[in-house]
Amino acid sequence: MNPILTAIQKSAIRIKHAIDVKDIGYSQEQNSSGETQLQLDIQSDLIIEEELSQIEGVHTIASEEKEEPMILNENGHYFIAFDPLDGSSLVDVNLSVGSIFGIYEGAFTPEKMVASCYVVYGPRVELVFAYEGKVKLYLLQNGEFEYVKEIHLNEKGKINAPGGTQQCWAPFHKTMIDSFFARGYRLRYSGGMVPDLHQILLKGGGLFSYPGASDKPEGKLRMLFEVFPFAFIFETAGGKAVDGTIRVLEKNPRHVHDTSPCFFGSCDEINEVISVYAGQQ
Ligand code: AHG
Ligand code: MN
Ligand code: MN
Ligand code: MN
């Protein structure tokens with residue numbers, strides 16, 4: 001696992017540099033989710049591909065920015081799915097963005113997941129790595145990632161980060177979100193899931209939601225590139241991740257780019273989501 005973590009760290013340093021210096025232009029290309037790719041999306045994807053290609057143990061990679069999975073080494077046993085630049089449309093307004101990685105052994109199915117990782121490119125560059133039952137935070141200092149601390153979620157938090165278009169939410173979903181606010185939860189939503197979830201993890205807990213709604217019945221966030229890696233991190237940190245009804249890590253995408261509704265948080269909030277959604281079945 002160490003060589004993979006090192007490759008991710010090298011990628012992160014290169015991507016941070018690209019964000020700092022690169023023009024923020026759009027390319028002529030669309031990705032499989034129908035989004036027009038930024039030059040930075042494509043460049044970040046190529047940086048990670050290049051770094052992971054140097055690691056012998058990596059069998060296959062899959063990326064938000066690649067139509068199909070790409071085999072790197074038939075003899076490797078790690079399968080790595082990544083979102084090279086999450087929140088890329090926020091770079092032009094200088095909000096925090098990230099990179100997300102899910103690491104599997106043998107296949108891209110959640111029961112084969114062994115580690116996951118994300119990097120936040122904010123005022124500082126931080127990396128969070130979940131592996132062997134622990135979630136560890138690292139900070140980039142003088143060109144190296146230094147270990148900071150372990151991350152644990154509290155039973156209950158104070159943050160509410162509701163994603164999606166409100167006018168398209170189901171009425172019961174809106175009632176649930178409103179009721180968290182009515183109990184003093186504070187709105188925190190930047191539009192980048194990496195900083196939004198990072199905030200919940202570091203402030204002890206809360207709720208992030210991206211539901212299925214009338215405009216997007218299966219939500220927006222992609223299982224392999226966004227939902228599974230964060231679900232693994234939240235569960236390892238003592239929280240939960242569900243689609244409203246079941247653990248997202250019990251779902252299986254039929255296609256690489258499939259999405260799922262998702263709720264991440266501490267146990268108290270997610271238990272409430274499950275009971276509200278159960279009342280609607
Ligand atoms: P990406 O930039 O990798 O395509 O992902 C953007 C995602 C995610 O970061 C965020 O939580 C979500 O899109 C925000 O969507 P809305 O603008 O619909 O809230
Ligand atoms: Mn995108
Ligand atoms: Mn993303
Ligand atoms: Mn992305």
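Each residue, glycine too, has its Cβ placed from N, Cα and C.
TrEMBL annotations: computationally assigned, not manually curated.
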Need one residue: from Glu226, Glu235, Glu250, the one TrEMBL lists with Asp83, Asp86 for Mg(2+) 2.
Glu226
Among Glu64, Glu65, Glu105, which residue does TrEMBL annotate as binding Mg(2+) 1 at the site that also has Asp83, Leu85?
Glu64
Just to be sure I understand the contacts, which binding-site residues have a Cβ under 6 angstroms from any atom of ligand 4? Candidates are Asp83, Leu85, Tyr189, Lys220.
Asp83, Leu85
Using a 10 Å radius around its CB, how many other CB atoms surround Glu226 (Mg(2+) 2 binding site)?
28
Taking helix as H, G and I and strand as E and B in DSSP, count the residues of the domain 'Fructose-1-6-bisphosphatase class I N-terminal' (5-149) in helix, strand and coil.
41 helix, 64 strand, 40 coil
Among binding-site residues Asp83, Asp86, Gly87, Ser88, Tyr189, close to ligand 1 by Cβ (under 6 Å) are Asp83, Asp86, Gly87, Ser88
Binding-site residues near ligand 3 among Ser88, Tyr189, Glu226 (Cβ under 6 Å):
Glu226
At a 10 Å cut-off from the C-beta of Glu64 (Mg(2+) 1 binding site), count the other C-beta atoms across all protein chains.
26
